[in-house]
Structure formats: C-alpha cells, structure tokens
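The block underneath contains the structure these notes are about, expressed in structure tokens.
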Amino acid sequence: MGKMAAAVGSVATLATEPGEDAFRKLFRFYRQSRPGTADLEGVIDFSAAHAARGKGPGAQKVIKSQLNVSSVSEQNAYRAGLQPVSKWQAYGLKGYPGFIFIPNPFLPGYQWHWVKQCLKLYSQKPNVCNLDKHMSKEETQDLWEQSKEFLRYKEATKRRPRSLLEKLRWVTVGYHYNWDSKKYSADHYTPFPSDLGFLSEQVAAACGFEDFRAEAGILNYYRLDSTLGIHVDRSELDHSKPLLSFSFGQSAIFLLGGLQRDEAPTAMFMHSGDIMIMSGFSRLLNHAVPRVLPNPEGEGLPHCLEAPLPAVLPRDSMVEPCSMEDWQVCASYLKTARVNMTVRQVLATDQNFPLEPIEDEKRDISTEGFCHLDDQNSEVKRARINPDS
C-alpha cells in the first residue's frame with residue numbers, strides 16, 4: 001500500500017506541477033510505466049464498468065456527456081456496426097469543453113471489419129503510407145497480400161524479420177497530409193473510403209455535428225514500443241469541426257493537455273473500440289500517446305475482439321463480411337499492435353484551398369518531429385506520424 005500511495009502521489013505531483021516541462025515529464029513517466037503496477041493508478045479508465053474509474057487528480061474531472069440520440073437512426077447505427085446511440089455511454093472532462101469519450105459502442109464482432117479494412121484495404125494504393133519513402137509503388141502496392149501468410153504462421157521471436165504490415169506506421173486517405181509542408185492540397189487527394197466516411201458521420205452527428213464531412217484520415221499503426229509525440233492537429237483549414245479518433249487492438253495511454261505545453265495533461269486509457277472526439281476548445285489542445293500496453297487479460301486479444309462478425313449482414317450494411325482466414329491474419333497482427341483511425345474535415349462549406357503554391361520544406365530530422373520509437377530490429381527506425389509536433 002505504501003508503494004502504491006507513493007506512486008499515485010508522484011503522478012499527482014507531476015500532474016499539478018506547472019512549468020515548461022510539465023507535459024513532457026508526464027509523457028516520460030508513462031512511457032516508462034510498468035503495466036500491472038501502481039504506475040497506472042492515476043490513469044482514467046472510462047470503460048471500467050462505465051464508472052470512469054481512476055485514482056489520480058484527473059478522475060475528479062470526469063463528467064457525463066449528453067449525446068444527440070435522435071440524430072442517428074438505429075438503422076444507420078447498425079449499418080455502421082454500432083449499437084443504437086441510446087445505449088452509448090459518453091463522458092467529458094471538466095476544463096476540457098468539447099472533449100467527448102465514448103467507450104466501445106460497437107456491436108459484438110463488428111470491430112473485425114474496421115481492423116480488416118485498416119490492414120487489408122486502406123493500406124493499398126493509391127493511399128499513401130510511410131513505406132513509400134523507402135520502397136517503390138510496386139513493392140507497396142498490396143501490403144496485405146505480401147504479409148498475410150507470414151502473419152498467419154509467424155513465430156513469436158524477436159529475431160525474425162518483420163512483414164511489411166508490421167513495418168507500416170501510417171497511412172493517409174482522402175486529402176493526403178503532406179508531412180514536409182504540414183499542409184493539405186487539392187491536387188493530393190484520393191476518394192475517401194465510403195464506409196469510414198459513413199461511420200465517422202454517424203458518430204459526429206451523435207455528438208452534435210450533423211453537417212460533418214469526412215475528408216481526410218490518418219491511420220496510425222502502433223507496435224508495443226511505439227509512441228506518438230506531443231502535438232496539435234491544426235493543419236485543417238476548418239477547426240470548427242471535430243477530430244474523431246477510433247482505437248482497435250491493444251490499449252494505449254492517451255494524454256490530453258492544454259493550449260500550451262507547460263500545462264500538465266490528463267491521462268486516460270484508450271481500449272479497443274473506444275471513440276474519442278476533440279471539438280470546440282479541445283480541438284486544438286496538445287495531446288500524445290506515450291505508451292501502448294499489452295493486453296491486461298493475458299497474452300492475446302481483448303475480450304471485445306473474441307466474438308466473430310456475423311456471417312450474414314443486412315443488404316444495406318456498410319460493413320462487409322470478414323472470413324476466418326482474414327481474421328486469423330488480423331488477430332496475429334493485433335496481438336502486439338494497436339491501430340488508430342483519426343478522421344477530420346479539412347475545408348469549411350464552400351471553402352477552397354489557397355491558390356498560392358505549396359512549397360516543399362526541408363524535413364526536420366530532430367527527435368522532436370518523430371513519434372514512433374521502434375525497436376532495434378526494425379528496418380524503418382522511426383516514422384513521423386503526427387501532423388503538427
């Protein structure tokens with residue numbers, strides 16, 4: 001009990017300590033945290049029997065959030081693989097207006113579709129990924145096809161070479177984010193996935209944004225040793241629309257800070273199926289992911305991923321069947337990984353991109369700009385996945 005109290009106390013001290021390094025101190029603390037110890041006692045767990053359990057100073061900030069139940073029909077929710085909005089739980093945080101956290105609202109089995117899409121479909125060309133800078137378009141044309149047999153029969157050993165899917169760190173869809181100029185442009189665009197657009201628009205409508213348009217997405221692929229650096233998503237031209245985040249696979253610690261980095265962040269878990277919305281005041285807050293955590297239920301996948309996707313789906317469903325062969329590949333991947341989809345609207349209604357040419361800027365190769373810290377066996381040592389660090 002003494003060690004636990006001391007650990008919680010140290011987190012509380014860091015969380016309330018102002019100063020230039022307030023965010024970074026907590027980032028380092030949680031990056032080095034040990035699962036199953038008192039290190040994580042101060043992390044808010046919104047999914048803990050829907051009780052928003054936590055013992056740190058952040059737990060006192062948790063409040064219930066109201067959703068717009070009538071804005072999404074049960075039929076449309078079902079088409080996206082979601083429970084009726086009336087059955088969702090939603091939380092906010094005092095001091096963070098516009099922040100909404102929805103613990104796993106997906107129907108049993110329906111997460112399978114979104115995981116498969118991230119690994120099998122969205123990773124294909126013409127979408128853009130981090131491997132494009134190191135390989136030809138032909139080599140990255142179909143990462144799934146090149147990796148599926150390897151993942152299906154892979155052996156758990158640190159010395160084996162990784163498949164291309166395991167080297168994947170980010171994919172962009174819709175308006176493709178330019179990591180060098182930190183801008184979007186009209187001429188760097190491919191059609192946004194219709195199923196992901198539909199899912200995003202239902203969630204946005206339930207949160208009060210019925211006119212939200214899904215125009216750009218950044219998919220992040222985390223290994224257990226990956227991190228996402230402190231940053232703000234500010235490159236979109238319309239900040240009045242929310243940023244949506246969908247998590248699948250292993251859990252992660254998410255840090256939500258303030259407008260400046262000298263404000264200490266609030267720590268929370270993001271589990272498989274959880275959805276997070278940053279809007280209004282919270283749309284431009286600093287945030288980061290310092291730690292991906294192995295499944296606390298033991299080796300393998302979270303329980304919410306055990307139920308299979310129904311073999312027969314409604315004719316108008318945006319969700320497609322997932323074969324057991326495909327899921328075997330997905331499950332093998334997720335045992336040591338997390339996938340996150342972030343969706344945003346880039347332009348306001350009737351808004352166009354600026355006419356001035358977008359100049360390419362030299363890439364900043366400092367550690368600050370790189371977010372994923374991979375292990376020593378990776379051929380792609382570090383991959384930048386956050387827009388505005």
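Each Cβ is built from the backbone N, Cα and C atoms, and glycine gets one as well.
Within 10 Å of the Cβ of Tyr175 (substrate binding site) there are 24 other Cβ atoms, across all protein chains. What Swiss-Prot lists as substrate binding site is Trp144, Tyr175, His176, Tyr177, Asp233, and the listing cites similarity to another entry.
Tyr222 (2-oxoglutarate binding site): 24 other CB atoms within 10 A of its CB, across all protein chains. Secondary structure from DSSP puts Tyr222 (2-oxoglutarate binding site) in a beta strand. The 2-oxoglutarate binding site annotation in Swiss-Prot covers Asn220, Tyr221, Tyr222, Arg338, Val339, Asn340, Met341, Thr342, Val343, Arg344 and rests on similarity to another entry.
Sequence annotations record features per position, and here Swiss-Prot assigns Fe cation binding site to His231, Asp233, His287 based on sequence analysis. Secondary structure at His287 (Fe cation binding site), taken from DSSP and collapsed to helix, strand or coil, is strand.
Predicted-model confidence for the domain 'Fe2OG dioxygenase' (208-347) is 94, expressed as mean pLDDT. Residues annotated as domain 'Fe2OG dioxygenase' in Swiss-Prot: 208-347.
The annotation region 'tRNA-binding' is assigned in Swiss-Prot to 86-389.
What Swiss-Prot lists as site 'Primary catalytic residue forming the imine linkage with DNA' is Lys133. Lys133 (site 'Primary catalytic residue forming the imine linkage with DNA') falls within a helix when secondary structure is assigned with DSSP.
According to Swiss-Prot, the feature site 'Secondary catalytic residue forming the imine linkage with DNA' maps to Lys133, an assignment based on experimental evidence. Counting only same-chain residues at least 6 apart in sequence, none has a Cβ under 8 Å from the Cβ of Lys133 (site 'Primary catalytic residue forming the imine linkage with DNA').
Sequence-distant neighbours of Val343 (2-oxoglutarate binding site) (same chain, six or more apart, CB under 8 Å from its CB) are Leu196, Gly197, Ser200, Ala214, Ala216, Gly217, Leu243, Leu244, Ser245, Phe246, listed in sequence order. Tyr222 (2-oxoglutarate binding site) sits 20 Å from His176 (substrate binding site), counting Cα to Cα. Each of the binding-site residues His176, His231, His287 was scored by how many other Cβ atoms lie within 10 Å of its Cβ, and the smallest score goes to His231. Using a 10 Å Cβ-Cβ cutoff, Val339 (2-oxoglutarate binding site) registers 25 neighbours. In the domain 'Fe2OG dioxygenase' (208-347), the DSSP tally of helix, strand and coil residues is 19 helix, 49 strand, 72 coil. Here the C-alpha separation of Met341 (2-oxoglutarate binding site) and His231 (Fe cation binding site) works out to 16 Å.
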